[in-house]
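**Student:** So TrEMBL has the following annotated:
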- Cys415, Cys419, Cys442, His448, His451, Cys454, Cys474, His477: Zn(2+) binding site (BINDING)
- 357-366: compositional bias 'Polar residues' (COMPBIAS)
- 367-376: compositional bias 'Acidic residues' (COMPBIAS)
- 410-487: domain 'Recombination activating protein 2 PHD' (DOMAIN)
- 355-376: region 'Disordered' (REGION)
Amino acid sequence: MITVRNNIALIQPGFSLMNFDGQIFFFGQKGWPKRSCPTGVFHFDIKQNHLKLKPAVFSKDSCYLPPLRYPATCTFQGSSESEKQQYIIHGGKTPNNELSDKIYVMSVVRKNNKKVTFRCTERDLVGDVPEARYGHSLDVVYSRGKSMGVLFGGRSYMPSNQRTTKKWNSVADCLPHVFLVDFEFGCATSYILPELQDGLSFHVSIARNDTVYILGGHSLANNIRPANLYRIRVDLPLGSPAINCTVLPGGISVSSAILTQTNNDEFVIVGGYQLENQKRMVCNIVSLEDNKIEIQEMETPDWTPDIKHSKIWFGSNMGNGSVFLGIPGDNKQIVSEAFYFYMLKCSEDDVHEDQRTFTNSQTSTEDPGDSTPFEDSEEFCFSAEANSFDGDDEFDTYNEDDEDDESETGYWITCCPTCDVDINTWVPFYSTELNRPAMIYCSHGDGHWVHAKCMDLAERTLIHLSEGSNKYYCNEHVEIARALQTPKRTIPLRKPPMKSLHKKGSGKILTPAKKSFLRRLFD
C-alpha cells in the first residue's frame with residue numbers, strides 16, 4: 001500500500017505517468033492548476049512506500065500545457081541531443097470537459113542535481129487532422145531509418161449537428177481509421193483498412209520497430225469487448241507509406257487494462273474489465289519474439305480484499321514491471337480517503353528496454369459518461385517504459401495548503417437526509433449527465449441545491465424546469481411552500497348598479513315608496 005503525503009485529491013482517474021531518464025512525472029491533475037504548481041506537472045516521488053508530489057518547472061519559451069486527462073501519450077526519440085527523449089501528447093479532456101485535438105511535445109532542456117526543467121511546444125497538423133478524442137492510442141514506428149506516429153481508436157462527442165439537449169454530452173466511437181502522423185513536418189494522413197470494421201477504445205497497443213499490435217478494447221456501438229488481435233505494419237519507403245493490417249489468433253477480451261514491461265521481450269497485462277461491471281482479476285504475459293506475439297495467462301496476484309471487492313480501479317505503469325493502482329476509499333468510515341493506492345510488482349529484475357519498444361494502454365475511471373457503468377468512459381494512454389528512481393532530490397516541496405480541496409465540491413454534497421450520491425460510486429442517471437450529477441435549485445428561504453435524482457424527478461420534468469423560469473421546491477420544503485402560498489385572487493360577480501335618488505343634503509338612500517310620495521307632494 002502506498003501512502004500519499006500531500007494533496008491526494010489531485011490523483012484522480014485519468015492521470016498519466018511519464019518517465020524522463022529514470023524520474024517519473026505525474027500529469028493530468030483534477031481541476032485547473034493553482035498557484036503552488038501552475039504547470040500542473042509533478043515529480044512522482046515514491047520512497048519507502050510514501051508518495052510526494054513535487055512541482056515541476058518549465059522553461060520560459062514553453063507553451064501552456066493544460067491538465068489533460070485520458071490523453072494518448074508515447075515516447076519519441078529525436079535526432080539532436082536535446083531531443084534525445086520526448087513525450088508526444090495528443091487529445092484528452094480539459095477540466096472544462098472539452099476534448100482537445102492538439103499535439104504537445106515535452107522534452108527536457110536542463111537537469112541540475114536531478115531538478116528537471118521542461119520545454120513544451122505545440123505542433124500544428126495539416127492534412128487529415130484527427131478529430132478531438134480520448135481513450136485512444138498513439139505509438140511510434142521505425143522503418144528504413146524513418147519514424148512515424150500511428151494513431152488509432154478513441155471516443156469523441158457526437159457531431160454538432162446531431163447533438164440535442166438530451167444527448168449533448170453523449171459520446172460515440174471514432175471511425176476505425178488509422179492515422180499516420182509525421183511529427184517532424186506536421187503532416188497527418190488517414191487510412192481505411194478493411195480488417196478494422198468497428199471503432200475501438202481503451203485497448204492495449206504495443207509498438208516494436210515497424211509494427212503496432214492492437215489488443216482488446218471496447219466497442220461502444222456494439223457494447224462488446226471483442227477478443228481481437230490486430231497487427232498493423234508500416235513501411236516507410238522514399239515514396240508514400242505502405243500500411244497493412246492482419247487479424248491474428250489468440251486475442252483476449254479485455255478493456256481498460258494496464259501494460260507494464262518486465263524485460264525486453266515480455267510484458268504483463270494487469271487489471272481492466274472483461275464484462276460490464278466485472279473487473280478482470282487475472283493477468284497475462286505477452287511475449288514478442290521473431291515478429292511473433294504470444295499471450296499466456298499467468299499466476300493471479302494475491303489481491304487484497306479491498307481490491308477484490310471494489311467496483312472500479314484505475315492506475316498506471318511505473319516501469320520495471322511495477323503498476324500503480326487506485327481504488328475508491330471506504331465511505332462508511334468516519335474519516336476516509338477518497339482513494340486508496342497500491343503498488344503491484346510483477347518482476348524483481350531490472351528492465352533494460354529496447355529504445356524501439358513502446359507500449360500504451362488505458363485504465364478505468366469513476367466517470368462512465370454515456371457508456372457502461374464503472375469503466376471505459378474516461379481513460380488514458382501512457383507509455384509503459386519507465387525505470388526505477390532513487391536518491392534525494394532538491395525539488396521544492398508542494399504546498400498543499402495553497403490548494404483548494406477539490407474532493408468535496410458543490411456537486412457531492414449531502415443534499416437531503418436520504419441523499420445517497422457519493423463521488424466514489426456515482427454513475428450517471430440522466431442522459432444529460434456526464435461526470436457530475438444533475439442538480440436543481442430549491443427556492444425555499446435563501447435557496448439551496450439538491451440532486452435531481454434524490455428528488456425523484458423524471459428527466460422530462462428536469463429538462464422542463466431547467467428551460468423555464470418556474471420556481472422549484474424540494475421534497476423537504478414543498479409542503480411548507482404550499483402552506484405559505486397566497487390563495488389565488490377570485491374575480492367577484494358583477495351586479496348592475498342600483499339607481500338611487502338622494503334627498504338633497506341628507507345623504508340617505510330613498511326607497512321607491514318614499515320617492516313616489518315625494519313626487520306627489522311636489523306636484
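Glycine is treated like the rest: Cβ placed from N, Cα and C.
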**Student:** With an 8 Å cut-off on Cβ distance to the Cys415, Cys419, Cys442, His448, His451, Cys454, Cys474, His477 Cβ center, who else from the chain surrounds the Zn(2+) site?
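**Tutor:** Apart from the listed residues, the neighbours are Cys416, Ile440, Trp449, Val450, Met455, Asn475, Glu476.
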**Student:** Which chain-mates of Cys474 (Zn(2+) binding site) that are at least 6 residues away have a CB under 8 A from its CB, listed by sequence?
**Tutor:** Cys415, Cys416, Ile440, Cys442, His444, His448, Val450, Met455
**Student:** Determine the mean pLDDT over the domain 'Recombination activating protein 2 PHD' (410-487), rounding to the nearest whole number.
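**Tutor:** Taking every residue in the domain 'Recombination activating protein 2 PHD' (410-487) and averaging pLDDT yields 78.
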**Student:** When you measure from the Cβ of His477 (Zn(2+) binding site), how many other Cβ atoms are you left with inside 10 Å?
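**Tutor:** Neighbour count, Cβ to Cβ under the 10 Å cut-off: 17.
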**Student:** Among the binding-site residues listed here, Cys415, Cys419, Cys454, which has the most company in the form of other Cβ atoms within 10 Å of its Cβ?
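**Tutor:** Within the set of binding-site residues, the most crowded position is Cys415.
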